[in-house]
């Protein structure tokens, strides 16, 4: 393992997406400026999935060297909205500064909902002013609410409620982790917001409960669903590591939707890791 090997893997479109993703998360765990710079190689790729994950990782690492790159990605009107959304979310993890706040305010009015909703959430998180790493090891786009299951479920499912409060309810239910919480989250997959449903799918991947599999399969298989939702459903299924999940994933290994097909390849690789005897997923071999 080393940074240079990982950088070369990430920057080469002929390397499998599964291998590039392993390299990316290897770099995520090496908190050095060189790692952050290596990750930026991904933004020259044709892969929307890789660029999206690179933006996510840079937001988790919070290296100051990444801010300019993330601002550039967010502002690039030629970039895919899935990548731009993730850049906006990543910026919400940094300490507030004028250039970040100004950019988020600007793009919170963007006509593309995944971008505008993400930037609104990032602004609300910066306003909250707390820097909390969840028990799942992630910096999330909202802080979990305080309250009861009943209150969280009501807020989560209320489409007229403030989006940030709904996210807070979502993360409360994730941390609660009960069967009732899982089914409340599953019910929320009927929402109109692709961004919201994609985050619920991500949360299911963190929880790794078999009870969420039917909701994830339904989201992945819906050809009318936004690619950001279908891809996140696929990756969550891979993280759960269940045979039923693998069977569902296998149907989409050659799907024409690029981000879904690549996510399925990554998910199958993660499933292999979760159910096999490999010691380390994050490698740059």
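We number each residue from 1, going along the chain as drawn.
Keep in mind that glycine also has a Cβ here, set from the backbone N, Cα and C atoms.
Just so you know, the Cβ of residue 52 (Fe cation 1 binding site) picks up 24 other Cβ atoms within 10 Å once every protein chain is counted. As annotated by Swiss-Prot, Fe cation 1 binding site applies to 52, 53, 85, 86, with the evidence given as sequence analysis.
Residues or ranges marked as Fe cation 2 binding site by Swiss-Prot: 198, 199, 231, 232. Residue 199 (Fe cation 2 binding site) falls within a helical segment according to DSSP.
Listed as Cβ neighbours of the repeat 'HEAT-like PBS-type 1' (50-76) (distance under 8 Å, sequence separation of 6 or more from its ends, same chain) are residues 10, 17, 20-21, 24-25, 27-28, 31, 33, 35-37, 39-40, 42-43, 82-84, 86-94, 97, 99-100, 103, 107, 115, 119, 138-139, 259, 262. For 50-76, the entry in Swiss-Prot reads repeat 'HEAT-like PBS-type 1'.
Under the heading repeat 'HEAT-like PBS-type 2', Swiss-Prot lists 83-110. Helix, strand and coil content of the repeat 'HEAT-like PBS-type 2' (83-110), in residues and according to DSSP, is 19 helix, 0 strand, 9 coil.
Swiss-Prot lists 165-191 with the feature repeat 'HEAT-like PBS-type 3'. Same-chain residues lying 6 or more positions outside the repeat 'HEAT-like PBS-type 3' (165-191) and placing a CB less than 8 Å from one of its CB atoms are 121, 134-136, 140-147, 149, 151-153, 155-159, 197, 199-201, 203-204, 206-207, 209, 211-212, 214-215, 218-219.
The DSSP breakdown of the repeat 'HEAT-like PBS-type 4' (229-255) into helical (H, G, I), extended (E, B) and coil residues amounts to 20 helix, 0 strand, 7 coil. Residues annotated as repeat 'HEAT-like PBS-type 4' in Swiss-Prot: 229-255.
When the binding-site residues 85, 198, 231 are compared by the number of other CB atoms within 10 angstroms of each CB, 198 has the fewest. Here the Cβ of residue 232 (Fe cation 2 binding site) has 28 other Cβ atoms within 10 Å, regardless of which shown protein chain they belong to.
Within the model, the repeat 'HEAT-like PBS-type 2' (83-110) shows a mean pLDDT value of 98, rounded to a whole number.
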